[in-house]
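Shown next, in structure tokens, is the structure this report addresses.
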Amino acid sequence: MGCGSATPQKVVSNHQLGQRVDTSDEWIQSRTGIGERRVIGDHESLIDLATDAALNAVEMANWDVKTIDLIILATSTPEDLFGSAPKIQSNMGASNAFAFDLTAACSGFLFALVTASQYLASGSVKRAVVIGADQLSKWVDWDDRKTCVLFGDGAGAVALESSGDKSGLIGYDLKSDGSKGGCLNLAQSNIFLDLVQGVSHQKGEYLPIKMEGKEVYKFAVKEVPIILGEILEKYQIKSENIDWLLLHQANQRILDAVASRFSIPKAKVLSNLKHYGNTSAATIPLMLDEAVRDHRIKSGDLIACSGFGAGLSWGAALFFWHGPH
């Protein structure tokens, strides 16, 4: 296995946001744990970040890009609605890989990881790259202090290989509940324009991100412990045997609440919210790469992972990290 990440050069601090909306560094950090976020600017793109993250993962795995069979891009913010993964495949030079986008919002990376693992388990592919990348800055209402303080841009990736002697993924569970989708969405506008006499068409535009923060928080602190508890019980793993808790980086309070439910010490809870905020599908692989490269996560470590977000969607996975670090 290998991992990689890439983030924009431009940093927006809480203090800077406080000059635009009625907020402050103390207010944001005390409620979210976020200190700053990265925003894609001039001469950068989501595809650039995703490509760099993927190539960094491939380099760690010591692969030739021509040996990659599959590339999955988990994103809710593609540069092309028909799909950005093929462009990333081309930029990487991975000419033998097929590539497609997968959308499951902040759960996207976990859903894509499971999808890739099924391809690997079937024997139809031997090497896969899974990317989580999002540019939510272009869909945020920067005058809405309830949402603008939360999100940032970034990309992370993992390189996965089928191996008969040591399987990294122990097990997983994925869930959705569309009845509560209105709690967090990026909805299409309802503007209709005349097309021809008697016929109108819907204009292809989207509204800014809308979120009911309290409802999303209650959903996360209820459902994430349940699904993690179920998967730990299913595979007969005790919480004290977990080396690292790797959750979607949405809010430090959520991370703390889930860890507390399983009596997992703070030292085992991975968090980089302070520097990146919520990068949606990128949070899990971005955090994974950071912890592997600074030698916190070591080969053989057991990781309990959970993603959750819009849809509503959520999931959990248990896996061993098998990598060069």
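Cβ from N, Cα, C; glycine included.
Classification of C106 (active site) by DSSP places it within a helix. Remark: C106 (active site) has H248, A250, N278, S280, A281, T283, G307, F308, G309, A310, S313 as non-local neighbours, by Cβ distance under 8 Å and separation of at least 6 in sequence. Annotated active site per TrEMBL: C106 (among others), in sequence order.
According to TrEMBL, the feature active site maps to H248 (among others). Of all Cβ atoms in the protein chains displayed, 31 besides its own lie within 10 Å of the Cβ of H248 (active site).
Over all protein chains present, the Cβ of N278 (active site) has 24 other Cβ atoms lying within 10 Å. Taken from TrEMBL, the feature active site covers N278 (among others).
The domain 'Beta-ketoacyl-[acyl-carrier-protein] synthase III N-terminal' annotation in TrEMBL covers 100-178.
TrEMBL lists 232-321 with the feature domain 'Beta-ketoacyl-[acyl-carrier-protein] synthase III C-terminal'.
The region 'ACP-binding' (249-253): residue composition by secondary structure is 2 helix, 0 strand, 3 coil, according to DSSP. The region 'ACP-binding' annotation in TrEMBL covers 249-253.
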Next item on the list: Helix, strand, coil: count each for the residues of the domain 'Beta-ketoacyl-[acyl-carrier-protein] synthase III N-terminal' (100-178), based on DSSP.
Entry: 26 helix, 30 strand, 23 coil
Checklist line | For the domain 'Beta-ketoacyl-[acyl-carrier-protein] synthase III N-terminal' (100-178), the mean pLDDT of the predicted model | finding: 94
Note to self: When secondary structure is assigned with DSSP, how many helix, strand and coil residues does the domain 'Beta-ketoacyl-[acyl-carrier-protein] synthase III C-terminal' (232-321) contain?
What the structure shows: 37 helix, 22 strand, 31 coil
